[in-house]
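K.L.:
Mind having a look at this structure? Questions to follow.
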Amino acid sequence: MSSSSSEESANPSPPAAAPAAAGAAAAWPRRRCRDVFWLVVFLLHLLVFGGALAVTGLNRFGQADRFNIDRFTNLTAAPPRLAGSPEPAVAVAQAPPPPSLEAEEVTPKSELTESYWRYYGAAGAVGSVLAWAWLGAAAGRKDGGRVVMRAAVHGLTAYLAVVSVLCFWGKHFFWGVAFAVGGALHFLYVMSVLDRFPFTMLVLQKAVRMVWELPDVMRIAYAFVLVMLCWMALWSFGVSGILAFHIPNGGQWWALLIFSVSLFWTGAVLSNTVHVIVSGMVFLVLIHGGQAAASMPPKPLLKSLQYAVTTSFGSICYGSLFTAAIRTLRWEIRGIRSKIGNNECLLCCVDFLFHIVETLVRFFNKYAYVQIAINGQSFNHSARDAWELFQSTGIEALVAYDCSGAVLLMSTILGGLITGTCTGVWAYFKQSDKAIMVGSTSMLMGMILVGVTVVVVESAVTSIYICYAEDPHLLQRWDPEFFDQMSEALHQRLQYRSARARQILNSRLDQLPNTSNI
């Protein structure tokens, strides 16, 4: 008996460690891999496009047509001779040109990969500086939300006008008109949602404050910018080979379009991975009442990163294909719908489009990434749960009224325009015929790099809405004043919707024929 009691007293650690292990397991439950099919598709896409980019880049790196790909374009093939046509005249023998001149004609400097790769190197540098500067200006100070909003709203319209003028000056009239129309549409959109900006400013300021209190998530964003740069190095290497490789009948534009879609999807996947990581951190902070709370699970950032790049990565790949396009279309339709007035015919057409987009939003929305971070569900399941949560609690009225996503998109587009302008102007003075190709693809690179850092603030916004819908007391404990402001705004929006619904119902009843005398 004495020996057994001494052994128990000598080894007290297992019973004490059991509750801690149970608590850790409860805080981080085991998860299954979701949307595996889309994970496989994305990885195969990286392998296929990565190999194609390496081949097209190496084909003209240091040597023209290293892999003899030019033969597939039939540029040098002689036209077929028709039956009965005379034999071609025998050419007079001439001395072959000197080897040095022949080499210069076959492999001119402007036809090599490295001649265009330098432009994309500059684009990557400018985009990275803009991305890090944006995150430092936005999340590095408590009033960053005000700075971001003013720069995005006022700067984008002016810069679109500047780019339009540059395109007209370079005699690219199509692009000049396109950027001018884009600037006009942006100005009209800003005017249509001007009354929503005070509430948007409030939400952005609180989201920036949340990120400012979590410096670790800013480091994650910086790290993912470096990861994106590594892929862009390969992508720009291959695209430079395409620019140096003459493809007839507009083939270069089609090739650039295909590879640009690939880059957009890859960039969206990385951005949304950051979205899931930051959303998981923000939700944990609000649930436990602070990062330093005793109830916080151990190593929350590493666990969020682990889930995002393993079990939830397939869902991120799937959602990244569709959410950006659907969300942008929804913003535009909402802005037009709010300013139509009493034009019943136009309102009917816009409502038809609006209901189609709303149906798509039910299954593809950015709030799904918060649910993925919290519960580890599939993308469609998470999107549907988030939207039903908003509908049942009325928070959807606030989500629709908020323009923070549109403002952050303006910042992303502005960063891309600055990047594209810098490289496009440089290319114009060196090789003017390729300036538009270089400028447009560089603009995409800049947008993706800035978007990786912008998503940090956007994920804080989405997490705030999900937490407010799940349990409003979480927001009240974090910031009581902000909770009161959100509650007041929600009350006003619900009242506005009720009044508008009564007005539409009364107008339709007035149009019905009077049946009292029948």
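Each residue, glycine too, has its Cβ placed from N, Cα and C.
Automatic prediction, not curation, is the source of TrEMBL annotations.
Pasting the relevant annotations from TrEMBL:
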TRANSMEM  36-58  transmembrane segment
REGION    81-105  region 'Disordered'
TRANSMEM  117-135  transmembrane segment
TRANSMEM  147-166  transmembrane segment
TRANSMEM  172-199  transmembrane segment
TRANSMEM  220-247  transmembrane segment
TRANSMEM  253-270  transmembrane segment
TRANSMEM  277-295  transmembrane segment
TRANSMEM  307-329  transmembrane segment
TRANSMEM  406-429  transmembrane segment
TRANSMEM  435-468  transmembrane segment
K.L.:
Among the recorded stretches 172-199, 253-270, 277-295, which has the greatest number of Cβ pairs closer than 8 Å to the transmembrane segment (36-58)?
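P.N.:
Ranked by Cβ pairs under 8 Å, first place goes to 253-270.
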K.L.:
Quick one: do the transmembrane segment (220-247) and the transmembrane segment (147-166) reach 3+ CB pairs under 8 Å, ignoring pairs fewer than 6 apart in sequence?
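P.N.:
These two stretches do not touch.
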K.L.:
Excluding the flanking five residues on each side, which residues at least 6 beyond the ends of the transmembrane segment (253-270) place their CB within less than 8 Å of a CB in that stretch?
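P.N.:
That would be 42, 45-46, 49, 53, 224, 227-228, 231-232, 235, 238-239, 242, 247, 316-317, 320-321, 323-324, 437, 440-441, 444-445, 447-448, 451-452.
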K.L.:
Ranking 147-166, 406-429, 435-468 by the number of C-beta pairs under 8 Å to the transmembrane segment (117-135), which range is first?
P.N.:
435-468
K.L.:
With Cβ-Cβ distances below 8 Å as the criterion, list the same-chain residues six or more beyond the ends of the transmembrane segment (406-429) that contact it, or say none.
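P.N.:
Answer is 119-120, 122-123, 126-127, 130-131, 134, 148-149, 151-153, 155-156, 159-160, 162-163, 166, 170, 186, 189, 193, 200, 204, 328, 331, 435-436, 438-440, 442-451, 454, 457-458.
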